[in-house]
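Report on the structure given below.
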């Protein structure tokens, strides 16, 4: 390794050291930093230098080949969170990658016990399941591959049998539980117990979303393109589709009591007989006001955010700007257009200008 590479690696290790110093080993969200692209390749740093708690480091040491999947799972979760909420008042803002030790990746929302916390934990757990399962199906790991329970049998009467490579989502879910879930009994404070129980439930809700959207794919076999026999296998849905399901769960999330007796129950007394389903997203505290800046909580507010003047949805100026109104300014765009290939051998284009109205919240 040359001198420049060694210097870069030492600087990266120093950044991770800052993260570990500010956030102790018990913190659940540290691993999420692995999804930030500018942090480099965690495999080169080694398990001991990564922002993981003691249990995760031990698992990392025993299964170092899973590091690329862990990093990809974090990246998937972060990307989908930002995509699903890009037009909302809370837009899943992450901390600056240039200052990795100044705050948790998702800031206040990671520990606030709100609906936003619920979505973060669910989508990150789902991302880990998705990436590990994909890696298994691709043959990148020795201890998992395709789902062996779906390699024989089928329905001869319906003319199909199991074949191909079914995604082994059960292994992905097992690893996600092993890597992310921590026993509640190790926590003493009542408030911490409630939040930890909530986070564990939402982790599982994220995993259930991946399992629920498993689909059946089939390929036909027969003479002259007929479908006399079909070979079928189960595959995971795109992570975007999983993100849409979790966003719907977020919109219909259930508020629970901040007191745990034998089990969690709904906050509203008249609804406590309604059972909590394992795929529900749960939250304890109401969300703060995301309309205005709150430096203490790290909430930037919506001032200066671009909005859609004609939309009635969350991205519309009326909702996104919280009734404060909006400013309009004209943006001039210059681009190449009407390009033609000239023989021989170059491309000639015109410069085209266009004007666009851009609306931003006051």
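Note: Cβ is positioned from N, Cα and C throughout, glycine not excepted.
Here's what Swiss-Prot has on this protein:
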SIGNAL    1-29  signal peptide
DISULFID  81-92  disulfide bond
DISULFID  136-144  disulfide bond
CARBOHYD  140  N-linked glycosylation site
DISULFID  146-165  disulfide bond
CARBOHYD  186  N-linked glycosylation site
DISULFID  218-232  disulfide bond
DISULFID  220-227  disulfide bond
LIPID     224  O-palmitoleoyl serine
DISULFID  291-322  disulfide bond
DISULFID  307-317  disulfide bond
CARBOHYD  308  N-linked glycosylation site
DISULFID  321-361  disulfide bond
DISULFID  337-352  disulfide bond
DISULFID  339-349  disulfide bond
DISULFID  344-345  disulfide bond
Cα-Cα distance linking residue 307 (disulfide bond) and residue 361 (disulfide bond), given in Å to the nearest integer: 7
Candidates 136, 146, 317, 321, 344 (disulfide-bonded residues) - the one closest to residue 337 (disulfide bond) by CA: 344
Which listed residue (81, 92, 220, 317, 344) has most other Cβ within 10 Å, given these are disulfide-bonded residues: 81
Close in space, distant in sequence - residue 352 (disulfide bond), Cβ under 8 Å, 6 or more apart: 334, 335, 336, 337, 338
Residue 136 (disulfide bond), number of other Cβ atoms within 10 Å: 23
Residue with minimal Cβ packing [other Cβ atoms within 10 Å] among the disulfide-bonded residues 144, 337: 337
In sequence order, the recorded positions (146, 218, 220, 308, 345) whose C-alpha falls within 10 A of residue 136 (disulfide bond): 146
Candidate nearest residue 339 (disulfide bond) in space, where candidates are the recorded positions 144, 218, 308, 321 and distance is Cα-Cα: 308
Cα-nearest neighbour of residue 291 (disulfide bond) within the listed disulfide-bonded residues, 81, 220, 321, 349: 321
Residue 349 (disulfide bond): tally of other CB atoms within 10 A of its CB: 11
